[in-house]
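Peer 1: What follows is a single structure, and I will ask about it in a moment.
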Ligand SMILES: [Zn+2]
Ligand SMILES: [Zn+2]
């Protein structure tokens with residue numbers, strides 16, 4: 001399997017990070033699925049080895065703008081590229097209303113069928129071409145979900161690999177059952193503990209140590225952290241916060257395979273279910 005990082009920033013983009021978006025596909029096949037679609041996610045897709053043409057379905061974790069504002073532009077581009085095959089969007093009902101409004105209000109002529117599925121009514125046996133998909137409720141300021149993807153056809157003699165990609169969430173333990181047998185979990189780590197405790201209004205996000213402790217207790221073989229607050233810089237000067245702080249905090253609590261996601265990273269899950277970073281782009285200030 002290939003797991004692609006389309007955006008790692010929380011709330012707003014930074015110069016080096018876009019807002020939330022991820023891609024997943026079975027290795028060596030064209031169809032892929034997207035999880036979350038923050039503004040400008042389509043720009044990130046152009047720089048990855050996948051195309052909108054082969055995008056089969058989009059799964060939105062929750063209605064906050066940094067997870068769904070990219071949908072109208074992406075749909076418009078797909079239409080201009082003469083897409084004909086249906087596209088499925090699984091999302092909270094409000095996001096489906098938003099998508100419909102964008103299509104109507106901008107007179108978007110799609111030319112393909114948009115299959116809109118309310119996440120709360122997703123059939124337990126829902127599948128894409130290559131994955132069986134299930135939904136897990138999380139804890140956030142609004143209804144938020146994790147999606148687990150289990151391959152439909154396991155390799156001969158191997159058990160089916162499963163991965164879990166979570167939306168915004170301040171209670172990682174809610175995923176206890178979902179991550180059983182998973183090869184990796186993608187989870188937000190918006191802050192380090194010190195900053196999380198300083199924020200007066202509770203934005204209901206997780207901090208690095210909290211997710212790492214959960215991953216350790218769940219014996220997860222690999223953990224990918226993302227959705228970092230814009231205050232954590234890629235290129236810190238002295239005394240500024242950086243992604244290294246997130247990594248340092250998480251690595252104290254988690255002894256598995258830890259990854260701090262960067263925009264446009266590509267990870268490969270091998271046949272045995274081991275995750276490795278296979279492509280990281282050079283970043284510019
Ligand atoms: Zn968010
Ligand atoms: Zn959110």
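Just so it is clear, glycine is given a Cβ too, placed from its N, Cα and C backbone atoms.
What you see is a predicted model, and the numbers here were worked out from it, not measured in a lab.
Annotation source TrEMBL lists Zn(2+) 1 binding site at 62, 64, 140, 168. As annotated by TrEMBL, active site, proton acceptor applies to 66. Feature annotation from TrEMBL assigns Zn(2+) 2 binding site to 66, 67, 168, 227.
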Peer 1: Work through the binding-site residues one by one (64, 67, 227) and point out the residue whose CB has the fewest other CB atoms within 10 angstroms.
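Peer 2: Each of the binding-site residues 64, 67, 227 was scored; lowest Cβ tally within 10 Å is 64.
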Peer 1: Out of 66, 168, which has the highest number of nearby Cβ atoms, where nearby means within 10 Å of its Cβ, if these are the recorded positions?
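Peer 2: Result for the most crowded candidate: 168.
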Peer 1: Out of 64, 66, 140, 168, which recorded positions have CB atoms lying under 6 Å from ligand 1?
Peer 2: 64, 66, 168
Peer 1: Rounded to the nearest Å, what's the C-alpha distance separating residue 168 (Zn(2+) 1 binding site) and residue 227 (Zn(2+) 2 binding site)? Just drop the number here, would you?
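Peer 2: Given the Cα positions, residue 168 (Zn(2+) 1 binding site) is 8 Å from residue 227 (Zn(2+) 2 binding site).
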Peer 1: For residue 62 (Zn(2+) 1 binding site), just count the other CB atoms lying within 10 A of its CB, please.
Peer 2: 24
Peer 1: Does DSSP give residue 67 (Zn(2+) 2 binding site) helix, strand or coil?
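Peer 2: It is helical.
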Peer 1: Expressed to the nearest Å, what is the distance separating residue 140 (Zn(2+) 1 binding site) and residue 67 (Zn(2+) 2 binding site) at their Cα atoms?
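Peer 2: That comes out at 13 Å between the alpha carbons.
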Peer 1: I'd like the number of other C-beta atoms within 10 A of the C-beta of residue 140 (Zn(2+) 1 binding site), please.
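Peer 2: Its Cβ shell of radius 10 Å holds 21 other Cβ atoms.
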Peer 1: Here's one to test understanding: among the recorded positions 62, 64, 66, whose C-alpha is closest in space to the C-alpha of residue 227 (Zn(2+) 2 binding site)?
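Peer 2: Result: the closest of the recorded positions to residue 227 (Zn(2+) 2 binding site) is 66.
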Peer 1: Cβ within 8 angstroms of the Cβ centroid of 66, 67, 168, 227: which residues besides those meet this for the Zn(2+) 2 site?
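Peer 2: Counting only non-site residues, the set is 10, 11, 19, 20, 36, 38, 61, 62, 64, 167, 188.
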